[in-house]
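Asker: What follows is a single structure, and I will ask about it in a moment.
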């Protein structure tokens, strides 16, 4: 069904285990663009803007989290086409991102473990430009070339103390379901935020609560690394797929009535910019003025600005794998279909990919082998 963990050379093991990163940012000192070929920006200011090209995501609490989604609406904005250019959509204002409109998320469940924070949920994500019926895909800091999907996407969290960059993370999103996990830096992070199971979907990668009509915040156990079963490791594409791990136990759950920001997608947004330029390449949707409040009119109820649309239409991707996700749920929305992109960018990465982690030292053909080594070593550390 699946193979025993293969022997990993000491040299490779040390590279994967170390997980050194060429750069670590805060939202305040992030560059305009952290990767070559990046369509958006990492200098996002504060406030919110429904035309923002910000590519900083936050996973801090039930009422302060974001996910990546397309910058423009339309049938061509399936995740397989837009994974390289996704932008941040957040529950809370203050990060200079777009806001997830109230009512779009109908169930969300935040869990903090000793090693990661995670949000799982469902809703009508067509309200954040995902086409109806799109089973989606995976976004992560590695991608086919190590520059990340989206290119230059950064993830931050304050769940473990002060605001810090989470170099290892994984985010699945579809038209009706989402999940995101951000791992605390450390030897367990690559295995617990593994990115090689990109066609397996939310339920398999992040087993948890996907119920609609409820919202809660809990403490939880870290659980098992995805794909690792004792001394054996499953590799995507093998003829027999094992069941997902059981959802880790959780406790100290605090329910909430709903989450939101009190703002519909068609209203005006207040954006407070940082002194540095917040504008994405070719876009004027984010002001570059001094740190004073400015009003930015939103147009995303019927479509994004022309500059945003141009960014989406010019994006390239190797597209979806075409495989449907494996899910353990018996009655639920379809799980996302993963995809893998490509890009010519090769600058040092702060996202956890190129020049930052073990996978960046090898070509795409060996990425899965290296990532698998991370799974094995991370699992050994966890054990």
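A Cβ is built for glycine as well, from the same backbone N, Cα and C atoms used for every other residue.
Take a look at what TrEMBL says about it:
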| type | residues | note |
| --- | --- | --- |
| SIGNAL | 1-18 | signal peptide |
| REGION | 27-47 | region 'Disordered' |
| REGION | 229-259 | region 'Disordered' |
| COMPBIAS | 230-239 | compositional bias 'Polar residues' |
| COMPBIAS | 249-259 | compositional bias 'Polar residues' |
| REGION | 276-357 | region 'Disordered' |
| COMPBIAS | 276-353 | compositional bias 'Low complexity' |
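Distances, neighbours, how buried they are, the whole picture for these features please.
Answerer: Summarised by DSSP class, the composition of the compositional bias 'Polar residues' (230-239) is 0 helix, 2 strand, 8 coil.
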Asker: Please list, for the region 'Disordered' (229-259), how many residues fall into helix, strand and coil according to DSSP.
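Answerer: Taking the region 'Disordered' (229-259) as a whole: 0 helix, 10 strand, 21 coil.
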